[in-house]
Amino acid sequence: EEYRPLLPSRETSLRILTAALSPLDYGKWRRKPWYWRLFKVLKVPVELALLLTVPVVDPDKDDLNWKRPLNCLHVLTSPLLCVLTLKSGAYGLYQIQGVFPVWGLVTLVGSVLAIIIFITTSNEEPPKYHCVFAFLGFLASAMWINAAATELVNILRTLGIIFQLSNTVLGLTLLAWGNSIGDTFSDLTMARQGYPRMAFSACFGGIIFSILWVPGRGAGGRQQDPGVTPRCSPSLRQLEPDSLLVWILAGALGLSLVFSFVSVPAQCFQLGKAYGVCLLLYYLAFLCVALLTEFRVIRL
């Protein structure tokens with residue numbers, strides 16, 4: 001509000017677009033130290049990409065953060081982002097009837113919708129369907145997270161191959177941390193913003209989703225070929241039940257859930273530092289036992 005003009009004025013669409021795409025706050029830039037400026041310069045490309053592809057609807061503002069030229073641009077860039085990041089662009093590069101690519105069709109439809117929205121709306125007042133941009137922003141954010149997580153997992157797999165780590169150790173450490181680091185920061189952010197129940201529910205909801213959906217989708221994704229014996233069927237997934245590490249993984253997960261199931265109601269659902277320290281120590285102990293078992297230090 002400090003930098004708003006005192007007299008009312010009508011800004012042009014080009015000026016609104018330029019101001020909306022600027023990731024720098026010049027007032028804050030002058031007050032911050034040099035290391036903050038250096039870090040900000042490194043973040044500018046990422047922030048610019050997010051501003052170009054992720055629409056934001058802010059109910060705390062009078063105009064609901066309506067930026068007419070930028071929102072019209074989002075109608076084109078957000079769907080294009082979705083088709084080009086899903087399955088690393090496999091769907092976006094697919095050609096309809098072997099002639100017209102999917103990304104071209106999305107670009108054509110998005111351009112037509114953007115022109116229609118630009119013609120039928122004004123810069124001063126958001127349209128009644130402005131809430132639809134919130135769902136579009138949620139979808140675009142999810143695709144950005146999916147793309148970042150996919151590349152992070154690929155990098156971690158590359159590190160595992162370079163350092164010659166087994167698939168078990170790789171999944172137990174690097175891949176598990178890479179898959180969970182996004183959930184960790186999102187849950188911590190929700191808890192600090194005053195939503196501890198949502199964050200706590202997301203912690204256990206993510207585990208249940210991973211346990212039920214991932215093995216269910218992997219085991220039930222293909223049907224067994226008729227006439228093929230179970231041992232030779234490529235559709236079956238074998239986890240080597242005789243391995244000690246499999247029992248350690250399953251036992252540690254079940255024991256942690258039982259511990260939380262008993263201790264949380266015993267504390268009247270008021271979690272303190274002692275509960276957090278116990279969980280961290282339990283994870284470190286589990287990780288040490290699992291790694292020692294994998295490297296044959298602990299064995300039957």
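The backbone N, Cα and C atoms fix where each Cβ goes, glycine too.
Predicted, not measured: the structure shown is a model, and the values here were computed from it.
As recorded in TrEMBL, the features of this protein are as follows:
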type	residues	note
DOMAIN	134-291	domain 'Sodium/calcium exchanger membrane region'
TRANSMEM	34-57	transmembrane segment
TRANSMEM	69-94	transmembrane segment
TRANSMEM	100-119	transmembrane segment
TRANSMEM	131-149	transmembrane segment
TRANSMEM	155-177	transmembrane segment
TRANSMEM	198-216	transmembrane segment
TRANSMEM	244-262	transmembrane segment
TRANSMEM	274-293	transmembrane segment
Which residues of the same chain, at least 6 past either end of the transmembrane segment (155-177), have a Cβ under 8 Å from a Cβ in it? 245, 249, 287, 290-291, 294
Give residue numbers and ranges for long-range contacts of the transmembrane segment (244-262): same chain, 6 or more residues beyond its ends, CB-CB under 8 A. 168, 172, 204, 207, 211, 278-279, 282, 286, 289-290, 293-294, 298-300
Among 69-94, 131-149, 198-216, stretch most in contact with the transmembrane segment (34-57) (C-beta, under 8 angstroms): 131-149
